[in-house]
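A.B. asks: Not my notes, these are from TrEMBL:
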type     : residues : note
TRANSMEM : 12-31    : transmembrane segment
DOMAIN   : 13-147   : domain 'EamA'
TRANSMEM : 71-95    : transmembrane segment
TRANSMEM : 153-176  : transmembrane segment
TRANSMEM : 188-206  : transmembrane segment
TRANSMEM : 218-241  : transmembrane segment
TRANSMEM : 248-265  : transmembrane segment
TRANSMEM : 271-290  : transmembrane segment
Amino acid sequence: MPHEYSKARIAQGVFYIVCASFCFALMGMLVHFAGDIPFMQKAFFRNVIAFFIACVVLIKEQREGKHPFVLPRGSICLLFLRSLAGSLALFGNFYTLDKINIADASILNKMSPFFAVVFSFVLLGEKIMPVPLAAICISIAGAALVIKPSFDIAAMLPALVGFLGGAGAGFAYACVRRLRTINVNGKLIIACFSLLSLLLAVPFLLFRFSPMTGRQLLIMFGAGIAAAGGQFFITAAYGAAPAAKISIFDYSQILFSSLMGYIAFGQIPDAMSFAGYAVIIAMAIVVFVYNRRHSDY
């Protein structure tokens, strides 16, 4: 591949991943902005749109003769685990978005790449080299600055749930990597995840459904569209350029979330949270630079 073409593809990948970060930050702001709707109800409406879009694309591919519904041997269990972990991570993220400022919720969710490294070791047998391992340990210390551990469990619970949600997302990403190596269709993975999330949310809706105003319905529709846009752009980003070249730009979501939180809600993270952001992003940069130096791309 020509060097100029390579640079163009990388620039395209960076653009797409920044667009994805903006979309996910916008989704977080809208989820918070929707007000006093139960978080499971918010997650349900967010996933209805994602499920619908994934199904439309899958049906189109089936009609084109691409056979997107084929599941290789051994993929069903892994697909279920990915869907379950992704659902729990999504619920945790939405719960956290309801309870703390959206920048804190965003940075805790961005622990997922570090956990993906750990779970890739378990699922894929990928080695964890000393530099990424040290970065993982230090990033957890950074997350502790955001969580602010204390004996007041109620006060730290939302941040802790957000942290565990990041771990769940990391497990889900590792499952996706494994599923993609055995050629499971990416849109099918999204559809299964969205469907399981919807099914898990139904019992909560039966007992805790909160009537929504027209304004809230519109906001949640916007959140679903933003999430779908984020999913589209993140897929396009990693299709355009290798992760080793562009993954660090995913952390631009922290900037977008901070700006949106301040503009929409007057949220200003405290000094410990800013310190935690700095530690986590610094460790992400360390891993990014390390991966670039050890990448074949």
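Heads up, the Cβ atoms here are built off N, Cα and C, so glycines get one too.
Show me how these features fit into the structure around them.
C.D. replies: Residues 28, 31, 39-40, 42-43, 46-47, 105, 109, 112, 123, 158, 161-162, 164-169, 171-172, 175-176, 178-179, 182-184, 188-189, 192-193, 195-197, 200-201 of the same chain lie 6+ residues outside the transmembrane segment (71-95) yet bring a C-beta within less than 8 angstroms of a C-beta in it.
Proximity of distant same-chain residues to the transmembrane segment (248-265), defined by a Cβ-Cβ separation under 8 Å and at least 6 residues beyond the stretch ends, is recorded for 14, 17-18, 20-22, 24-26, 28-29, 32-33, 101-103, 105-107, 110, 113, 234, 277, 281, 284-285, 288.
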A.B. asks: For the transmembrane segment (12-31), which stretch among 153-176, 188-206, 218-241 has the most Cβ pairs under 8 A?
C.D. replies: 218-241
A.B. asks: Can you work out which residues elsewhere in the same chain, 6+ from the ends of the transmembrane segment (271-290), have a Cβ less than 8 Å from its Cβ atoms?
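C.D. replies: Apart from its flanks, the transmembrane segment (271-290) reaches 103-104, 107, 110-111, 113-114, 117, 129, 131-132, 135-136, 138-139, 141-146, 148, 244, 247-248, 251, 254.
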A.B. asks: Taking every residue in the domain 'EamA' (13-147), what is their average pLDDT?
C.D. replies: 91
